[in-house]
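J.: Dropping the structure in here first, questions after.
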Amino acid sequence: MQNITNPRQLTLVVLREIYRRNVYTDLALDLGLKKANLVNVDRNLATELVYGIVRRQRTLDALIDQLGKKKAIQQPPDLRIILHIGLYQLRYLTQIPESAAVNTTVDLAKKNGFTQLSGVVNGLLRAYARLAKQEDPLILPVAPVQRLGILYSFPDWIIKLWLAQFGNETTESLCEWFNQSPLIDLRINPLKTTREEVQRAFLADGIKVSPVAPLAQALRLISGSRGISNLPGFEQGWFTVQDSSAQLVSHLLDPQPGETIIDACAAPGGKTTHIAELMQDKGIIWACDRSSSRLKKLQENQERLNLKSIRILAGDSREFTQFYEIADRVLLDAPCSGLGTLHKRPDIRLFQTDDRIQELSVLQQELLEQTATWVKPKGILVYATCTLNVIENERVVENFLDKHPNWTIHPPSVDSPFAVFATQQGWLKVLPNQHQMDGFFIVKLVKGLACDE
């Protein structure tokens, strides 16, 4: 991989890792880019191709099924990826000339052992281009689940789930939104600087950003950005990369200086470090997680931001009994299916399953039961996920409240800047297509004085 200077060749190599070894898209691409030797414009193209093809795999397979003599699943694995690379450029990267998309894909086939099948590649891509001049070559079924699934490249189970929860119009809008390139949000560290100072520094360096309402610390990168670590102030701890909806979570927790806070599933530390900033780095924050490697990332962030209040504890939060009623506030940012982050983590469409979600729901309920014992009487627990799934969100909270009547939901006040996300039930739901940020579910629970029956 080290001598790769062709962005399409790198795309093939990275997609091979993702499909065959179930490597996460971001990890496979980061490793590939580090080892390859690409100029910036080619790095950007490889990034677009990798993320785009993972997002659109089902649609691209449907086109191969319709235009080829063999179904996508019957193609040699590498040839299937090569056809994806060509079709993605023709269908979604209209800035690339048709001839360039076809010719570079044919060359890619020849260079990777498919010289005898290069005519098949050429014929299929030219057939697509010819049909596209008259109408969309993609033939869709009438049934709504399959139609939306093939058109937007989502598995049927996600489409069924969202149709049941949101209806057809919102489901289609969500599918469209999740097929966009992700937005990049920053959280300004108020212990180091101000949002206005960061804006000025970025502008002086040719980087455009905009504030994100209603969050006082959030900035969104608009243009002129480069690698995050190369942005002004990164090494000095001026900011952290964190989606705006994730920033909502710590604001709802509302940590105060001097308190004891426990973050039950803390790594890699975005919310933990935000909590420390909000409480002016005064107090104690226990950051717990069972992933030692991800806790190392938390420690790196803590050191870069120069935060002293965080104490790291590796292990399964379901087994920590030493925290009984010591916490003023607990954050349970629970492991989840991640259906609110499908634009950033497109491989969820490939690897996540309905059965796995049932297992996650059990884990979430077990974590909530245990972490609730850590909270002092009159204390607060915030339960949050980055998914759009009633089984992992509303049902988990409802089951908990049914068992523990001394716990109540504490909704944001009517004049709160976060009331725009609140539902009738009192929890917060962030829908990406409405709010232009990751999908999230957040609920603030307050513990009463009475003991659980």
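Cβ from N, Cα, C; glycine included.
The annotation active site, nucleophile is assigned in TrEMBL to CYS386. The S-adenosyl-L-methionine binding site annotation in TrEMBL covers CYS265, ALA266, ALA267, PRO268, GLY269, GLY270, LYS271, ASP289, ASP316, ASP333. Taken from TrEMBL, the feature domain 'SAM-dependent MTase RsmB/NOP-type' covers 174-448.
Just tell me what is around each of these and how deep it sits.
T.: In sequence order, SER245, ALA246, CYS336, GLY338, GLY340, THR341, ASP438, GLY439, PHE440 make up the list of same-chain residues 6 or more apart from CYS386 (active site, nucleophile) whose Cβ falls under 8 Å from its Cβ.
The C-beta environment of GLY269 (S-adenosyl-L-methionine binding site), restricted to residues of the same chain at least 6 apart in sequence and closer than 8 Å, consists of ALA287, LYS297, LEU298, GLN299, ASN301, GLN302, ILE310.
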J.: If one looks at the chain holding CYS265 (S-adenosyl-L-methionine binding site), which residues at least 6 apart in sequence have a CB under 8 angstroms from its CB?
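T.: Result: CYS288, ASP289, SER317, LEU332, ASP333, ALA334, PRO335, LEU367.
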J.: Can you tell me how many other Cβ atoms are located within 10 Å of the Cβ belonging to ASP316 (S-adenosyl-L-methionine binding site)?
T.: 14
